[in-house]
Amino acid sequence: GKNEYDLLVIGGGSGGLACAKEAAQFGRKVAVLDYVDPSPQGTKWGLGGTCVNVGCIPKKLMHQAALLGGALKDAQRYGWNISQPVHHTWSVMAQAVQNYVKSLNWGHRVQLQDKKVKYFNMKGSFSDPHTIRGLTKAGKEAIVTAENIVIATGGRPKYPTHIAGALEYGITSDDLFWLKESPGKTLSSFIVYVSLECAGFLTGIGLDTTVMMRSIPLRGFDQQMASLVTEHMESYGTRFLKRCFPTKVEKLESNRLQVTWKNTDLGTEEADSFDTVMWAVGRAPDTETLNLETVGVKTNSDTGKIIVDAGEATSVPHIYAVGDITEGRPELTPTAIAAGKLLARRLFGQSSELMDYDNVPTTVFTPLEYGCVGLSEEAAVQRYGVDNIEVYHAHYKPLEFTVAERDAAQCYMKMVCLREREQRILGLHFIGPNAGEVIQGFALGIKCGATYPQLMKTVGIHPTCAEEITKLHITKRSGLDATVTGC
């Protein structure tokens, strides 16, 4: 018999929704299955996936709350009379952020309805390559068949289950954004950058915050920039326990959490108590209940992620995967959205365009933001050799920081170029206010193959931080002082 739908998407996050809505534009019959398993601490949310509910959106809003705290301090230098002490109320912020997220959940449901996409609030698993068995929270079953199936279930935070008490007493980013009351004194043990972002805004709103890291900060990012980000956080009050790893978490009679850890540098065991312990040790692909092995969808045995080709196709014809669940792709909302849309166009719109994962810009929303596009200095050296790259750099001071007498020691930018005649730009890295806004504009030029001479012909907007990129002229190779002075 004929399959019920032309396209069925499992997972209502950024990539899945984008793919479903795009397919519907071509007049195809489309359905989306989405179901959120509560976190181990019982947190659950609505349609929209990680970004909307427990990722970019609440994170950026809470980051903004912390930036406003800093602005209040600056404001006094600019003549504003602000009565002291200034106090932040977590519950007011949390309620406002959570209300906005709920409005987005509702908006996604309305959009699906408007585009005539059928929405099933069900957990899906494969029965055969064209059939999905859906299960509601109450245990009601539905069988859905489709010509094409897209897996877009993303990932969920991992727990370090080898640490005693980690699962019982710890939370993850899945829980932090939905807390009704302040997390209080917080320990964040991390590998992934969301931990730094969370620690940054927790410190910014006045909470005692400690970050424990076993190895390097911001793995996969340029390490010089990563060090500047953590230095800035330290100078503004976030405590860092470097080269340490937790061994157990215990609940005290006071309800506080006692964390014991090993310091690998000193070879000592240490302990402290916290109100909240947040784990940020990476994300695991949400594939457990999909029944992939039954239909033969191949995954990477190390990561659990689905192996796809350049067209997002899995090892099984008519089954595709997009977003964080796919092997070797950046775990970023905009790449998932773009990949989902392009897949729908290839399936139903006579397009042959593939997603281009090169030169994808991104930003880490730490208190001093870090934006980048292209290769890190380390990756450029590895690919082209140290003698074949030129690095232009500058330490600058945002004009806004001058009257406020803010320290700008970590405000820094660098541009990694090929050293050959045309000096094509391989990577651009910027630490400073509004880094995302700055890098987004330059990303277009770098995507188009911009060169250093072209950038030097670009007129800067004065007085901005981004303008300093158009004036980069000192190379690391020269050994000259790269500090920008005056106009």
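Cβ from N, Cα, C; glycine included.
A quick note: this is a predicted structure, and the numbers were derived from the prediction, not measured.
The domain 'FAD/NAD(P)-binding' feature in TrEMBL is assigned to 5-340.
Around Cys56 (disulfide bond), the same-chain residues six or more apart in sequence whose CB sits under 8 Å from its CB are Thr333, listed in sequence order. As annotated by TrEMBL, disulfide bond applies to Cys51-Cys56.
The feature FAD binding site is assigned by TrEMBL to Lys60, Gly124, Asp324. Residues within less than 8 Å, Cβ to Cβ, of Gly124 (FAD binding site) and separated from it by at least 6 positions along the same chain comprise Ile10, Leu33, Tyr35, Ile132, Arg133, Gly134, Leu135, Val144, Leu290.
In sequence order, Pro157, Lys158, Ile191, Val192 are the residues of the chain that are 6 or more apart from Gly282 (NAD(+) binding site) and have a CB within less than 8 Å of its CB. According to TrEMBL, the feature NAD(+) binding site maps to Gly282.
Feature annotation from TrEMBL assigns domain 'Pyridine nucleotide-disulphide oxidoreductase dimerisation' to 360-471.
Marked as active site, proton acceptor by TrEMBL: His462. Counting every protein chain shown, 9 other Cβ atoms lie within 10 Å of the Cβ of His462 (active site, proton acceptor).
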Across the domain 'Pyridine nucleotide-disulphide oxidoreductase dimerisation' (360-471), what are the DSSP residue counts per state (helix, strand, coil)? 41 helix, 31 strand, 40 coil
Cβ-Cβ distance under 8 Å, sequence separation of 6 or more, same chain as Cys51 (disulfide bond); the residues meeting this, in order, are Gly13, Ser14, Ile57, Thr333
Position of peak Cβ density within 10 Å, selected from the binding-site residues Lys60, Asp324: Asp324
Within the domain 'Pyridine nucleotide-disulphide oxidoreductase dimerisation' (360-471), what mean pLDDT does the predicted structure show? 98
Using only the residues recorded as binding FAD (Lys60, Gly124, Asp324), report the maximum Cα-Cα distance in Å, whole number please. 31
